[in-house]
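Enquirer: Okay, here's the structure, questions in a sec.
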Amino acid sequence: MLILAIETSCDETAAAVVEDTKVLSSIKWTQEIHSQWGGIVPSLAKRDHEARIESIINQALADAKSTKDNIGAVAVTVGPGLAIALEVGIKWAKKLAQEWHKPLIGINHIEGHILSSLTPEVRFPCMALVVSGGHTQIIRVDEIGKYKILAQSLDDDIGEALDKGARMLGLPYPGGPALEKLAAQGDPKKYKLPLPMAGREGRAFSYSGLKTAFYRLINQVGGPSASSGLSADQKADLASSYQAMVFKHLVRTLRLIINNSELAIRDLLAGGGVAANMKLREEIKKLSDEAGLNVHYPANLMLCTDNAVMVGIAAGFKAARGEFADPEKIDRLPRWRVDEK
Ligand code: KG4
Ligand code: ZN
């Protein structure tokens, strides 16, 4: 069955047509208006989604050479995410499903990230790591559709920590990729930063203390003019030291959870924008070699960051289980946990 999938939970306006796990088309627009604010402004996100969604849906249908006649269902992200942004996608999905007389499927954005790296070789139970601007979660996957969050952030999420750290160094938004590039030129051991949750690791993440420590460090190294007083080498070393500690906290927590699990975990599904980072992948590789774990990433970097393909893939599994939404009742769920129905 062909599924038209729509995603507007944050700052990507996306639509895709998928048939099971086969991608027939994928269109996504990453909103640029937020870069000048250094973070996402919900009201601007909503307005931009509204301005573009219709043409993005039409483009996705055209690229897949599809029309309402061969689409079997319409799927949309209903949460978690920004309430007023989610509403835009839901409104359109509901409208199309009703006009076309097609079933409607409501998707959890995190389930989309989890399933976007799924391959037929994955054995359950497995673990999932979802690392993005709005999520830092380790999730036990008992089977498709059955999840348990084992750790999440108590404060800032990992992508947010990278974005804010990058901003302190004067890098453009989104900071994660810019910081990765700069960090590759620096020495990760040059500056000392505190390991988050030292002695209390293994159950949750916390990035706000590290972010504050980084701010202080920049001021120490750069003097009164902070980041503008830094040399190129100092900036690269700072970026490298900070990114290394952000990932150290993540991978140590992941290691503890996998080693302490009573279940024999053989596969790890990784997704979310931060999973596009090659340095993080190197660190995860060390853990996977040591723990005999197969790590799976989305087929390309575009599928790590938000997209509608992942929504369509998750929807295919829901459709197979007969889990459809009532168009009269479908509503945004901005705080929907992936382990809640
Ligand atoms: O999954 P995503 O597109 O949206 C959310 O659901 O949040 O993730 C966006 C986040 C941003 O924080 C961005 O800086 C980060 O993913 N990101 C990266 C990289 N590419 C994107 N972080 C580190 N390295 C990258 N290469
Ligand atoms: Zn996401």
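Cβ atoms are placed via backbone N, Cα and C, with glycine included.
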Enquirer: Please state which member of ASP156, ASP163, ASP267, ASP289 TrEMBL lists alongside VAL130, VAL131, SER132, GLY133, GLY134, GLY176, GLU180, ASN277 for binding substrate.
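Expert: TrEMBL lists VAL130, VAL131, SER132, GLY133, GLY134, GLY176, GLU180, ASN277 binding substrate, and from ASP156, ASP163, ASP267, ASP289 it also lists ASP163.
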Enquirer: Which residue of ASP237, ASP306, ASP326, ASP331 does TrEMBL report at the same Fe cation site as HIS109, HIS113?
Expert: ASP306
Enquirer: Using DSSP with the three-state reduction, classify HIS113 (Fe cation binding site) as helix, strand or coil.
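Expert: Note: HIS113 (Fe cation binding site) is helical by DSSP.
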Enquirer: Is it possible to get the count of other C-beta atoms within 10 angstroms of the C-beta of GLY176 (substrate binding site)?
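Expert: So the number of other Cβ atoms within 10 Å of GLY176 (substrate binding site) is 27.
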Enquirer: Using the Cβ center of HIS109, HIS113, ASP306 as the Fe cation site position, which other residues in that chain lie within 8 Å, going by their Cβ?
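Expert: Other same-chain residues with Cβ inside the cutoff are GLU7, SER9, CYS10, THR77, ILE110, GLY112, VAL130, SER132, HIS135, GLY271, GLY272, ASN307, MET310, VAL311.
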Enquirer: List the binding-site residues HIS109, SER132, GLY134, GLY176, ASN277, ASP306 whose Cβ sits under 6 Å from any atom of ligand 1, in sequence order.
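Expert: Result: SER132, GLY134, GLY176, ASN277, ASP306.
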